[in-house]
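Worksheet for the structure shown next.
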Amino acid sequence: MYVPPLPGGAGGRDDGPAVEQPRVYQVWRGSNEFFLQGRFIFGPDVRSVFLTMFLIIAPVVAFCVFVGRHLMNDFPDSWGISVVVVVVVFTVYDLTLLLCTSGRDPGIIPRNTHPPEPESIDGINDSGSQTPQQFRLPRTKEVIVNGISVRVKYCDTCMLYRPPRCSHCSICNNCVERFDHHCPWVGQCIGLRNYRFFYMFVFSTTLLCLYVFAFCWVYVIKIRDAEHLTIWKALAKTPASIVLIIYCFLCVWFVGGLSVFHLYLMSTNQTTYENFRYRYDRRDNPYNRGILNNFLEIFCTAIPPSKNNFRERITVEQGLQQMRSQSRGFMSPNMGKPIGDLEMGRKPVPWDEPRTAADIRDLEAGLGGMFEEKEGRVAHASPDLSRDELPVEFVEGRTGMHSRQSSWVRTGGEEIDAMAVQWVAERAKAASGGNSVAQNGRH
């Protein structure tokens, strides 16, 4: 974890050279891989891109060597050369679309450093006092999109309410706008900023397969006509054409079917995720604006700029915020509710179930980290934590509702759970008192 240095060197003195702050991509908390100092962002399965490139380049090279080279002499007026030039140019175009799809930000939403403020839902009672039921952070919200109510969810990982059509990718560990799916063939999420390039890549790959498939048959027919053979004997004359015909036939079923499927999704303004999860054929689709407008939205609207500047240098304040968010990460505003995200494929675990020793150690480390930063002594004075030692009201009394006055307080700009503060302070006081008694006894 990146720990920001103190300004002016150790102890705040200016006796040393200023330490250069890292860039955003160097402390990125997602699972992405970066290249050329943050200029390109890929998914964690970026190696699959090289496999995809090989599956495209290898058959094109075989076509140029074993088929296109012979067709150059079979067509008059240099038309044979154009067959090879077209396939080479089209392959370069296809690979460019592949890199545009896999090497750019798909629409990642930056994470928050702390949960959003709870909302008042029940008002204030007659006496003006506030109860824990008045402020809470609901797990879902209802928003209106084109006159239709849409439910958005809270993301525990990114600590934000996902915008409509946004989902958290469990592979890249990011919330992505207009999330379609994570494609293993391009090693990247497909979202708002690269869906256009993804479809163009799939469709151009389909056309490339059809092009190679067609001219392989053209070469076979020319052999048959030139040597007056049957079609089977002509095929036997060019084994490379047989392999390419079979290969392209199989690939067309895959990329061609994918092109048709996404053509349907675009015409109805759906994503792959929405199609399999919500089934808009049984309910109203709030995003459907008509076939023509749906296609214009995909291909003719400006791609929004990235919300992340991966090459920007982080400030000391941002680094401290990351440390604080990690140290208090165990105090989720959704305690008392199932922990986990169904969209990420994890089974929800209630907070009141017995926790493992590792979870208890994480709890202790979270409390210790906060107080060590502020006071430098409480963390080391607290004894080991276990479920049996935790007060009942601290473990069992946690719910998803928080009082702004009684549950959260601010100490030096840091949000700390008041109940946790009181409990740790009492344990530290008891521990220090025991040490004093033991020392007096030795004297």
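Backbone N, Cα and C define each Cβ position, glycine as well.
Noted in TrEMBL for the protein shown:
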{"type": "TRANSMEM", "residues": "49-72", "note": "transmembrane segment"}
{"type": "TRANSMEM", "residues": "78-101", "note": "transmembrane segment"}
{"type": "REGION", "residues": "110-134", "note": "region 'Disordered'"}
{"type": "DOMAIN", "residues": "152-277", "note": "domain 'Palmitoyltransferase DHHC'"}
{"type": "TRANSMEM", "residues": "197-220", "note": "transmembrane segment"}
{"type": "TRANSMEM", "residues": "240-265", "note": "transmembrane segment"}
**Request:** Quickly jot the same-chain residues contacting the transmembrane segment (78-101) by Cβ under 8 Å, restricted to those at least six beyond its ends, or write none.
**Result:** 49, 52-53, 56-57, 60, 63-64, 68-69, 71-72, 183, 186, 188, 190, 194, 197-198, 200-201, 204-205, 207-208, 211-212, 215
**Request:** Could you give me the DSSP helix, strand and coil counts for the domain 'Palmitoyltransferase DHHC' (152-277)?
**Result:** 76 helix, 18 strand, 32 coil
**Item:** Within the predicted model, mean pLDDT of the domain 'Palmitoyltransferase DHHC' (152-277)
**Value:** 94
